[in-house]
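Under the heading transmembrane segment, TrEMBL lists A:15-36, A:42-63, A:70-88, A:94-116, A:123-140, A:160-181, A:212-232, A:244-261, A:266-286, A:292-309.
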Amino acid sequence: MMASTIRGALRDNRALWAFGVLALTWLAAIIFAQGFNSVASVHYLVQTASFLGIVAVGQTLVVMMSGIDLSVSAVVALSAVVCAQVSAGSGGAVAILTALAVSVLVGLVNAAGLIWLRLPPMVMTLATGTVIAGALLIYTNGSPRSAQIPLLDSLANGSVAGIPLATILWLAIAAAAVWLLHLSRLGRYAFALGTSEPASRASGVPVPVTTFVMYAACALLAGVAGLVLLGFTGTSSLTMGNPYQLLSIASVVLGGTSILGGRGHLLGTVAGALLLTLLTALLVAWNLSEGLRQVSLGLLIIVLLLVYARERRTT
Amino acid sequence: MTLLNVERVSKSFAGVTVLREVSFDIQAGEVLALVGENGAGKSTVLSLITGLLTPDSGTIRYDGEPVRAWSPHRARAAGVASVHQELSLNPHQSVAENVFLGAWPSRYGLVRQGDLVARARPLLERVGLDVDPRTPAGRLPLGAQQLVELAKALTADPRLLILDEATSALDDDQVRAVFRVVDDLRERGRSVVIVSHRMGELLTVSDRLTVLKDGEVMATRRRDETDHDDLVRLMVGRELSDLFPAKAAPDSPQADPVLRAAGLSIPGACAGVDLELRPGRIIGLGGLQGQGQREVLRALFGLRHHSGQTEVDGRPRRLASPREAIRRGIAYVPEDRKTEGLHVVRSVRANLALPSLRVLAPARALTTVSRRRENELVEELIRRMQVKTASPAQEVRRLSGGNQQKVALAKWLPARPRVLLLAEPTRGIDVGTKREIYHLLRELADEGMAVLVTSGDTMELVGLCDEVLVMYEGAVVERLAGAELTEERLVHASVVGHSTAEETSRA
């Protein structure tokens with residue numbers, strides 16, 4: 001009886017699994033690999049994880065309502081490129097605000113396409129992503145600028161009490177997202193939409209408002225990630241967002257959230273992003289070639305999904 | 001000859017006994033009815049026969065041999081076929097493709113459409129279905145889809161056919177077609193197990209009836225030894241005389257209508273429907289299946305585009321979306337409770353709280369949902385409706401049909417709707433829960449709610465409603481109230497398509 005209760009709790013709480021697997025992997029890394037036992041390595045890991053983590057938090061909001069955002073990689077680049085471009089003429093503050101506003105706009109366009117054109121999220125967001133990528137090419141003539149914006153620089157590279165500012169920002173964002181998704185009315189609507197759209201409509205769930213807020217928030221967070229990255233590297237590029245596209249979705253799913261929506265916890269995504277960053281670092285530490293690294297990461301993701309994040313068969 | 005023998009079979013789930021030493025048998029060429037309330041163990045018995053579950057103890061003999069390693073696959077191979085209330089058709093494939101699903105006749109690996117259609121025709125005819133086999137199955141009304149399921153089950157020429165609530169979505173004509181199939185099977189020495197909540201049907205078609213209550217067999221009766229009252233007594237262990245509550249006094253002063261529709265039309269579904277819903281009254285929409293009753297309800301709840309006037313409290317109001325309808329105080333309990341009425345994979349708590357979130361998470365609390373008030377609300381509803389659930393955290397799909405329906409209805413109550421629209425409120429629900437729902441609806445009406453019900457069950461409409469509008473091909477052809485509201489008049493108008501009064505004046 002006791003055992004089955006525990007098993008049931010574990011099955012229903014895949015976010016907890018994500019933290020467990022993260023802890024085990026970390027432990028294994030400290031024991032079996034070199035260089036994972038120092039404070040500096042932890043510092044570096046949580047700092048790099050926060051770029052992916054911020055994008056993944058946004059992705060969670062959308063996946064939970066049974067959507068998906070494939071424009072995040074383009075928005076990361078968009079926000080960084082726009083910020084770098086604008087800051088040259090009008091200064092840092094204006095540049096940051098412009099970049100964030102443009103990012104939110106992309107989210108609103110995504111939501112509008114889903115609601116009014118009734119396009120499937122995968123198609124709509126992929127299309128906006130493609131449009132943005134092309135538009136950026138035109139806007140920058142193929143050569144985006146570098147920019148030194150002090151605020152972004154300290155945000156990305158600075159620390160408070162030994163904790164990277166980027167990580168603090170990430171955790172603050174995650175806390176706000178936990179409220180939005182798990183404590184607020186809108187979050188309940190997102191969960192309801194994620195489990196059944198017809199039932200949600202027939203229960204009076206405000207589908208448009210929920211969609212607009214969640215997609216705008218997702219795009220905003222991709223924009224924030226782009227800015228932090230700009231501060232981190234000091235330069236913008238057209239492809240800087242690419243790694244975050246699929247890894248953000250992988251973080252969500254490894255965090256125990258159902259890719260079909262309606263089930264999971266946002267904190268799982270935090271563990272998922274840390275786990276993926278840690279795995280990448282491990283593969284680097286083992287001196288695998290870039291190709292082998294990608295192959296192994298892909299296989300590891302599959303294995304982990306099989307261990308605890310498989311979709312339930314519905315009966 | 002005995003085809004199937006169930007001997008002292010017991011089954012329990014997680015320590016809860018659902019079947020206790022159940023024994024019965026089915027002869028070749030016999031129709032056996034399994035009768036019992038929801039949760040009596042009928043589904044479990046059927047799952048044991050079809051190999052979905054294995055018994056904890058006891059034996060099942062099929063064709064004289066104890067079954068070993070019984071599985072759905074083996075059961076099918078041995079000639080067991082079943083039709084369930086839940087549809088398993090692929091809506092985008094044609095009727096013919098669905099009928100032969102998994103066993104498409106092919107030549108050199110190619111399925112020939114013409115061949116498929118030609119083979120499907122006689123099967124469809126046999127179940128009394130007059131449709132083009134090339135129609136996508138999803139386009140057919142629910143009842144017709146159910147008949148396609150039956151045709152599908154007949155393809156393998158089963159020795160034992162299981163009909164599990166397979167007639168609940170059918171109108172009287174369709175039910176008769178099913179019974180012709182059953183009679184035909186019986187004559188050819190095949191056996192049928194039938195489960196239905198429509199007692200009248202069972203008493204017509206079956207040879208013997210086995211009554212289950214709380215997982216035990218109460219009795220097995222020959223058809224000529226029993227009647228409706230006897231069966232109900234065995235099922236519920238008491239007399240059930242007050243199934244329907246008392247109606248509103250017919251001469252009581254009528255309040256102004258809350259919701260009025262005039263000339264309500266939906267292309268292809270209904271035309272020129274006028275109706276008035278008044279506080280304290282329960283109005284029924286009757287007629288054969290698929291005459292536009294369902295669409296009228298969906299239009300009033302803003303789920304179907306419609307033309308015509310709609311007025312709430314005497315003011316013209318557009319009801320263009322469920323949210324607008326809800327804002328005007330209209331609530332809707334759909335017939336399809338598993339896709340539209342409920343979030344079945346979410347908890348009882350989440351389902352009950354969903355329509356009340358505006359109150360539970362007001363703007364001044366920054367829309368944060370108050371856990372405490374949510375729990376209070378949910379517990380109050382569970383208590384009031386007597387929903388049988390292990391806890392508020394239980395997933396709704398784990399509840400029995402009757403309890404699911406209670407949740408689908410209860411979730412609207414905190415918002416105190418003024419108009420309640422219900423489609424087939426008691427379909428597939430046991431008689432005890434039916435009674436509870438009828439009494440609750442009357443209670444709500446007495447508190448001043450206006451209620452509109454569609455139902456394919458004539459007895460229900462006559463017993464529950466103050467007035468019944470009969471629909472035929474999308475139009476209201478008869479309005480029956482008071483002494484005129486009888487099963488005979490209702491059935492007559494449903495079938496003939498015009499009122500009895502017209503007929504007498506014409507004669």
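Positions of Cβ are set from backbone N, Cα and C atoms, glycine also.
Any TrEMBL annotation is an automated prediction that lacks curation.
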Checklist entry - Counting Cβ pairs under 8 Å to the transmembrane segment (A:123-140), which of A:42-63, A:70-88, A:292-309 comes out on top? => result A:70-88
Next on the checklist: What residues elsewhere in the chain lie close to the transmembrane segment (A:70-88), defined as a C-beta under 8 angstroms and at least 6 residues from its ends?
Outcome noted: 55, 58-59, 94-96, 98-100, 102-103, 106-107, 110, 122, 125-126, 128-130, 132-133, 136, 139-140, 144-147, 149, 152, 218-219, 222-227, 229-230, 235-245, 248
Item to check | Interface present between the transmembrane segment (A:244-261) and the transmembrane segment (A:42-63) (three or more C-beta pairs under 8 A) | outcome: yes
Item to check | Contacting positions for the transmembrane segment (A:212-232) when only residues 6+ beyond its ends and CB under 8 Å are counted | outcome: 50-52, 54-55, 57-59, 61-62, 64-65, 67, 69, 71-73, 75-80, 83-84, 96, 99-100, 102-108, 110-112, 114-115, 147, 149, 151-157, 166, 169, 173, 177, 180, 186, 190, 240-241, 244
Checklist outcome for this item: Taking the transmembrane segment (A:15-36) as reference, the highest number of CB pairs under 8 angstroms among A:94-116, A:244-261, A:266-286, A:292-309 goes to A:266-286
